[in-house]
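Asks: In case it helps, TrEMBL gives these features for our protein:
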TRANSMEM  6-25  transmembrane segment
TRANSMEM  46-66  transmembrane segment
TRANSMEM  99-118  transmembrane segment
TRANSMEM  138-158  transmembrane segment
TRANSMEM  170-190  transmembrane segment
TRANSMEM  264-286  transmembrane segment
TRANSMEM  298-318  transmembrane segment
TRANSMEM  330-351  transmembrane segment
TRANSMEM  372-392  transmembrane segment
TRANSMEM  398-419  transmembrane segment
Amino acid sequence: MGPEGKTLLNIIILGFGFMFMFTAFQTCGNIEQTVIKSFNSTEFHGSGYTSMAIIYGVFSASNLIAPSVVAVIGPQLSMFFSGLVYSGYIAMFIHPYTWSFYTASVVVGIAAAILWTAQGNLLTINSTDATIGRNSGIFWALLQFSLFFGNMYIYFAWHGHVHISDKDRQTVFISLTVISLVGSFLFFLIQKPEPEATPSEASESLLQTEATPGLGSQALDAFSSMCVTLAPFPPSGLELTFYSGVYGTCIGAMTQFGNDAKSLIGLSGIFIGLGEILGGGVFGMLNKCNRFGRNPVVLLGLITHFVAFYLIFLNIASDAPIAPEEGTHLQAYFTPSVEVALLCSFLLGLGDSCFNTQLLSIVGFMFREDSAPAFAVFKFVQSITAALAFFYSNYLLLHWQLLIMVVVGFLGTLSFFVAEWVVVSSRRDTDYDNI
């Protein structure tokens, strides 16, 4: 197998490893608040939203040390040990205690920073300028298959269940723990890329040209770095919170959906996964964004999100995110529809994939030689916004949460446009100088 084939195989293995791990973890996050409501009246007293806020808060802070850990033990071992921590968090739900619940939340937040920094590093060293968009899409599509498989299991396992029993919970979380462990061990199949798989001669020429930049070039690089590593990322953190924890809880709380409301959480996750997979395949794996740039894909993501948010606002009761176990009896703006709820799930997944494939692509493209710190900054901003969103999800009604995502999404999209323009301008100037 040639160098290009080996790097492509590495990306596929990376995607499958994350698919197994996050089949377990994303399913866990999607059902966590609903499961907790079923046993919160016993010795256990906790909140799934609070746990996720802790995870992403610690995740954000831990990005300061994650590049150093990856540099010392390497990306492969970093992902393996992080995966074991994820498995421990999921296994905690088999026999949960309040102290173990929140302790595991802190530890998995540290592991998440190391895991995603190592993932970004591996994605970059196995890609070139020509393949970074394709590889980002392949990875993203495989990762999001996790939403499809895990939530399909929840749908069939909980079909017709109004209350989640201890046996239901234990069966689900034992299965998810085993699936997560499989993903962790897959990382050992990743091979070290050969020198030929590193950046192309054109990229090396670009790096040599940038080795002694002038004052104007330094200012341009500083501005572009600021735009790429900070401003466009908050929308992805808020969206992550909403589709991975809040929206499923809202659907499960809608008494108007009948006895199937709890199983609809899994079906909603399936439709989110379908949207994610479609977006990753079309805009990443097929590499369609290269001809027209990344901006049209990001704009499509913004429009898709706005449509989904408006329909959710009309279809779901405002108190659904904070409703008790018995659900909400408030009426939405029109008669609640399961079909509309699932359409919104699909649109949330499609819009999220539009943002994230392009963010992975532009970060890997700009920071090829120092990718671990760059992806750490990416995850720092994304995770701190996710932590804030999970925190306010304990208190804010649905329409306020939607309004926050609309405003932040619009501003983040504008900042991405500026960042992409700076990247394109910088590349054109460099190409002209090299003629």
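Residue numbering: from 1, along the chain as shown.
Any Cβ shown, glycine's included, is placed from N, Cα and C.
Bear in mind that TrEMBL entries carry predicted annotations, made automatically and left uncurated.
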Asks: Counting Cβ pairs under 8 Å to the transmembrane segment (264-286), which of 99-118, 138-158, 298-318, 330-351, 398-419 comes out on top?
Replies: 138-158
Asks: Please indicate, using numbers and ranges, the residues of the same chain that are 6 or more beyond the transmembrane segment (298-318) and have a C-beta under 8 Å from a C-beta there.
Replies: 239, 247, 250-251, 253-254, 279, 328, 330-334, 336-337, 340-341, 343-344, 347-348, 350-355, 358, 397-399, 402, 405-406, 409-410, 413, 416-417, 420
Asks: Relative to the transmembrane segment (138-158), which of 6-25, 99-118, 170-190, 372-392 accounts for the most Cβ pairs at distances under 8 Å?
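Replies: Per the Cβ under 8 Å count, 6-25.
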Asks: Mind pulling out the one from 6-25, 46-66, 170-190, 372-392 with the most Cβ pairs under 8 angstroms to the transmembrane segment (99-118)?
Replies: 46-66
Asks: Counting only residues 6+ away from its ends, which parts of the chain sit with a Cβ under 8 Å from the transmembrane segment (170-190)?
Replies: 10, 13-14, 16-25, 27-28, 31, 76, 79-80, 83-84, 86-87, 90-91, 93-95, 122, 150, 153-154, 157
Asks: Sequence-remote contacts (6 or more beyond its ends) of the transmembrane segment (6-25), Cβ cut-off under 8 Å?
Replies: 79, 83, 86-87, 89-90, 119, 122-123, 126-127, 131, 135, 138-139, 141-143, 145-147, 149-150, 176-177, 179-180, 182-184, 186-187, 189-191, 193-194, 197
